[in-house]
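Worksheet for the structure shown next.
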Amino acid sequence: MSGDNEVEIPEVDSVSGSGIPIRGNDIDTDQIIPARFMKVVTFDGLGEFAFFDLRFDDDDNQKAHPMNEDRFQDSSVMVVNSNFGCGSSREHAPQALMRWGIDAIIGESFAEIFAGNCLALGIPTVTADSETIEDLQSWVDENPDGELEIDVEAETVTYGDTTIDVTVDDAQRKALVEGVWDTTALMKSNAGEVRKKAEELPYVPASAIPEAE
Amino acid sequence: MSERTLYDKVWDRHTVTTLPTGQDQLFVGLHLIHEVTSPQAFGMLRERNLEVAYPKLTHATVDHIIPTADQSRPYEEDAAEEMMSELEENVREAGIEFSDPNSGDQGIVHVVGPEQGLTQPGKTIVCGDSHTSTHGAFGALAFGIGTSQIRDVLATGTVAMEKQKVRKIQVDGELGEGVEAKDVILEIIRRLGTEGGVGYVYEYAGSAIEDLSMEGRMSICNMSIEGGARAGYVNPDETTYEWLEGTDYFQENPEKFDELKPYWEAIRSDDDAEYDDVVTIDASELEPVVTWGTTPGQGVGVTEPIPAPEALPEEKQDTARRAQEHMRVEPGETMAGYEIDVAFLGSCTNARLSDLRRAAEIVDGRQVDGDVRALVVPGSQRVQRAAEEEGLKAIFEDAGFEWRNAGCSMCLGMNEDQLEGDEASASSSNRNFVGRQGSKDGRTVLMNPQMVAAAAVTGEVTDVRELKEVQTA
């Protein structure tokens with residue numbers, strides 16, 4: 001138990017950085033990190049394989065993709081369209097993006113498990129309507145060095161002279177702003193109540209319930 | 001209390017507390033783990049000096065990376081061997097039961113849980129795999145989770161989640177010949193969209209759902225996630241109970257059946273339950289559905305023309321154009337006649353015994369087309385044994401199918417079973433994303449198991465109903 005107290009969970013009130021546009025609806029996690037790169041027992045080093053098959057051809061030559069462009073190499077805010085991260089539940093997907101350098105994602109909509117996985121890494125996934133997103137993608141394209149600031153608590157994104165309203169899921173906002181997005185320690189502290197709940201459930205055998213610590 | 005859905009009731013029964021974020025801390029009744037998404041979670045646990053809180057409510061299997069041909073150890077591929085060894089060490093250390101290949105019980109995690117009786121109505125079930133939604137077929141609340149959440153569940157026996165809305169999908173009427181549960185779910189996703197379920201769990205109801213076997217219900221719930229829903233479920237009924245009675249758990253603990261039945265009955269959605277949305281579908285109108293594109297929502301009846309991108313809603317047009325280019329299909333044509341190189345009968349959607357039986361009926365007395373590589377990968381070792389005992393293996397092999405060992409295999413291509421180059425496959429699996437079956441140029445056409453069998457013997461996407469007529473004529 002004591003080990004858990006050593007984990008520091010930072011508050012994520014805001015994220016700022018330059019943007020990178022990744023266009024297209026229904027971008028699935030198989031595209032974000034192809035299955036063959038999941039034959040690993042740690043997430044280390046996944047960054048270089050993010051969007052691999054869209055970025056490289058069979059001979060590992062670069063294809064046209066924003067993540068290959070010099071001007072986006074320092075970008076940390078990804079701007080995407082609808083249903084981003086659909087498909088497989090693999091946390092390898094947001095892990096790969098995070099390890100490439102992404103700290104936040106702005107999009108029209110996100111698949112639920114993907115958004116949950118991002119939250120578990122402290123990566124905000126904020127949403128706006130399609131027109132707003134397209135405008136933002138165009139701006140990022142034209143201003144690759146331009147700074148975007150996501151204010152998670154105020155639910156706004158500021159770029160250039162423009163500030164737009166975005167939506168941050170309530171639980172996500174609280175978790176990020178209050179620094180409780182890594183839920184292990186928080187939930188572990190309720191171990192007694194968890195045991196009580198287990199005892200109440202008719203299908204849980206008594207032998208499966210651990211002794212109080 | 002009344003007016004509540006199964007989702008409301010099971011959620012409430014499992015809520016430990018509401019966290020400061022507004023998320024609920026849910027007790028997890030069954031945690032299924034496998035070799036791909038759990039090793040990092042065990043690593044995080046060690047870093048934090050934590051132990052597995054509820055090892056006896058945790059169950060492991062190996063499925064994604066396991067070779068389906070030569071399974072002798074060490075596995076030929078180093079990475080696969082390393083993942084397997086890591087899982088073996090983790091479950092041994094934690095005292096977690098493991099359906100390993102030597103147990104005779106190994107298989108795809110979503111096949112193993114239901115056949116051993118681990119999957120039960122009114123349980124909360126999580127697994128680091130999106131198709132965990134499969135277990136909802138039993139009236140369980142089953143969610144796919146990420147690796148950090150696996151860490152949470154291992155360490156605490158609970159998971160933090162936000163409650164969602166419930167959409168009832170009412171499917172009434174009778175399914176026609178050659179039309180299966182798989183076609184129902186492909187039709188639902190086609191109509192509501194791959195993102196249509198975001199923010200929802202789906203409750204499947206209506207006479208067509210009630211008439212389905214447990215296997216059919218599992219196929220539907222399995223693909224809830226392809227429709228964007230967080231989970232899908234069917235209320236437990238006599239069909240459910242009959243399945244449960246035959247499983248190991250209730251064979252070994254028959255008294256538990258009577259003890260738990262009142263709970264299962266109590267968690268059914270009330271007759272006057274309130275839903276956030278209701279969608280109705282007439283099952284009798286459906287025909288076999290096949291995909292023409294690169295998302296599971298890009299489906300079409302096998303005799304229907306492939307839609308022109310311009311005819312689709314604006315936001316879907318770009319994806320449709322790219323998909324049609326990748327698949328090399330033209331609007332106005334039907335998918336019937338689309339040439340295939342590979343037939344894959346397998347995956348957590350359609351690799352259960354009944355799936356193999358229906359496909360074998362089509363294959364029986366026919367030969368796999370000379371240009372087609374056809375493989376059958378049973379969902380579990382038990383399915384494999386049962387199929388061998390009742391002669392299905394012989395039928396498939398006589399026809400020219402390869403008969404493999406249990407695993408996820410070509411569904412995602414993490415073992416040696418992969419599409420090569422731009423091969424096209426007729427697949428009973430759940431995803432047709434670009435790169436999904438192991439080759440980024442590969443083309444996947446999703447369909448029901450009988451349709452896969454039909455495609456295997458004709459070498460092209462074929463309306464299985466025509467084949468049946470030919471055979472009986």
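Cβ from N, Cα, C; glycine included.
In TrEMBL this protein carries:
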BINDING   B:CYS348, B:CYS408, B:CYS411  [4Fe-4S] cluster binding site
REGION    B:421-442  region 'Disordered'
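Those same-chain residues not listed among B:CYS348, B:CYS408, B:CYS411 yet with C-beta within 8 angstroms of the centroid of the [4Fe-4S] cluster site C-beta atoms are B:ASP63, B:HIS64, B:ILE108, B:HIS131, B:GLY346, B:SER347, B:THR349, B:ALA351, B:GLY407, B:SER409, B:LEU412, B:SER429, B:ASN430.
Ranked by how many other Cβ atoms sit within 10 Å of their Cβ, the binding-site residues B:CYS348, B:CYS408, B:CYS411 place B:CYS348 at the bottom.
In the three-state DSSP classification, B:CYS411 ([4Fe-4S] cluster binding site) falls within a helix.
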